[in-house]
Amino acid sequence: MAAEPVNVNEFQELARQALPKMYYDYYSGGAEDQHTLKENVDAFHRFKILPRVLVDISRIDLSTTVLGYKISAPIMIAPTAMHKLAHPEGEVATARAAAACNTIMILSYMSTCTVEEVAASCKAIRFFQVYVYQRRDITANLVQRAERCGYKAIVLTVDTPRLGRREADIKNKMVAPQLKNFKGLISTKVSSDDGSNLEAFANNTFDASLSWKDIGWLRSITNLPLLIKGVLTCEDAIKAVEVGVDGIVVSNHGARQLDYSPATISVLEEVVHAVKGKVPVFFDGGIRRGTDVFKALALGAQAVLIGRPAVYGLAAKGEYGVKWVIETLKDELELTMALSGCPTVKDISRNHVRTKHEALHSML
C-alpha cells in the first residue's frame with residue numbers, strides 16, 4: 001500500500017495518477033509558456049520569515065473572520081470549475097470537506113453540481129463566484145438562485161473577458177461537460193474542431209464588454225456583499241474601492257489567463273497599501289504550504305484561497321482528500337505561527353517577513 005502523503009505537494013502526483021491526462025492537464029495547466037504558473041509558487045521563496053522568540057505560544061488560535069463570519073483558519077476554498085471531472089461526487093464532496101473544516105467554500109459558476117445541490121449537501125458558509133455572460137439574464141438567474149439558497153457573498157471574476165490560451169487543453173481537445181446549473185438556460189455544448197471546446201464556449205458566452213460601470217448592475221440584482229477577484233494593480237484596487245465593492249481578491253486566475261502577469265504574492269502588498277484598510281484583501285495563487293499562508297497574511301491578506309491543492313485532494317481521495325489538504329495547511333500554519341512567536345492571526349505582522357531586497361538594504 002502506498003504511503004500516506006505528508007504534505008500538500010504530494011497530492012499533485014496522486015491526482016496525476018488518478019485522473020485521465022485530459023483532466024489532469026486541465027487542472028494543472030497554465031497559460032502559454034506557463035511562466036506565471038511557475039512564478040506563482042516560486043515567488044514565495046523570495047520571502048523569508050523572521051521569527052520572534054520568547055513569546056508565550058502555549059495556545060495558538062488560527063481563527064479569523066471573513067465578512068463577519070468566523071472560520072477556523074484564514075484558508076478558504078477558491079472557486080475552481082467542474083469538480084466532477086476530479087471525483088464523481090464533485091463540488092458536494094468539496095463543500096462537505098470545507099464544512100467539516102469550518103471554513104468557506106466559494107462555489108464556481110462553472111460547477112458540475114448545481115447551486116441547490118451544494119447548498120443542500122451540508123451546513124456551511126458558502127460564497128458564489130460568477131462570470132458575466134453576454135446574456136445578462138443567465139448571470140442574474142444564477143446570482144438570485146445562490147442568494148435564495150443562502151450563499152453569503154458574490155465573488156465576481158474580472159480577469160476573464162476572454163479565456164487565456166491554455167495550450168494543453170487545445171492539444172487535448174478539452175471537452176467541457178454539460179453544466180447542470182445552466183440546464184434550460186443555455187447549452188454548454190459547443191463544437192470546436194480545432195482545439196478546446198471549453199475555450200470556444202467561453203468566447204461565445206462571456207461578456208467582453210464588461211467594465212467598471214457594470215458593477216452597479218450586479219449590485220442592483222442582489223443584496224449580497226460583492227467581492228471582485230482578479231485584481232493585480234494598485235490602480236484597479238483603488239477603482240474597486242471607489243465603485244463600492246466589499247472586498248478584493250488578489251489573483252491571476254491560477255496563472256491560466258495572461259502569462260507573464262506577476263506572481264500574486266509579488267503584488268499583494270501594493271494592493272493592500274492602495275486599499276488602506278477600507279475593504280478586506282484576500283489572496284489567491286500558489287499556496288502550497290502553511291509558511292505560504294503565513295507570508296500572505298504578513299503582507300496584509302485577511303485570508304487565502306486554495307484552488308489546485310483542493311482539487312488534487314479531491315481527485316486523489318475525494319472528500320477525505322480535500323479535508324486532508326485543508327487540515328495539513330492549518331497544521332503547518334499553526335506550527336509556523338508557534339515558531340514565529342505569533343499566538344493569534346492578528347499577531348502576524350509585516351515585521352515577520354523580509355524580501356531579498358530588504359535584506360540587502362539593511363546591510364547598506
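Backbone N, Cα and C define each Cβ position, glycine as well.
The domain 'FMN hydroxy acid dehydrogenase' annotation in TrEMBL covers 1-358.
Annotation source TrEMBL lists glyoxylate binding site at Tyr26, Tyr131, Arg166, His253, Arg256. In the shown protein chains, 24 other C-beta atoms lie within 10 A of the C-beta of Arg166 (glyoxylate binding site).
Sequence-distant contacts of Pro79 (FMN binding site), defined as residues of its own chain at least six apart whose C-beta falls under 8 angstroms from its C-beta, comprise Ile106, Leu107, Ser108, Tyr109, Gln129, Val155, Thr157, Lys229, Gly307. Sequence annotations record features per position, and here TrEMBL assigns FMN binding site to 79-81, Ser108, Gln129, Thr157, Lys229, Ser251, 284-288, 307-308.
As annotated by TrEMBL, active site, proton acceptor applies to His253.
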Spatial neighbours of Gly286 (FMN binding site), counting only the binding-site residues Tyr26, Tyr131, Arg166, Arg256 and Cα distances within 10 Å: none
Cβ neighbours within the same chain of Arg256 (glyoxylate binding site) - under 8 Å, at least six residues apart: Gly29, Gly30, Ala31, Leu37, Gly164, Arg166
Close binding-site residues near Asp284 (FMN binding site), where close means Cα within 10 Å, chosen from Tyr26, Tyr131, His253: His253
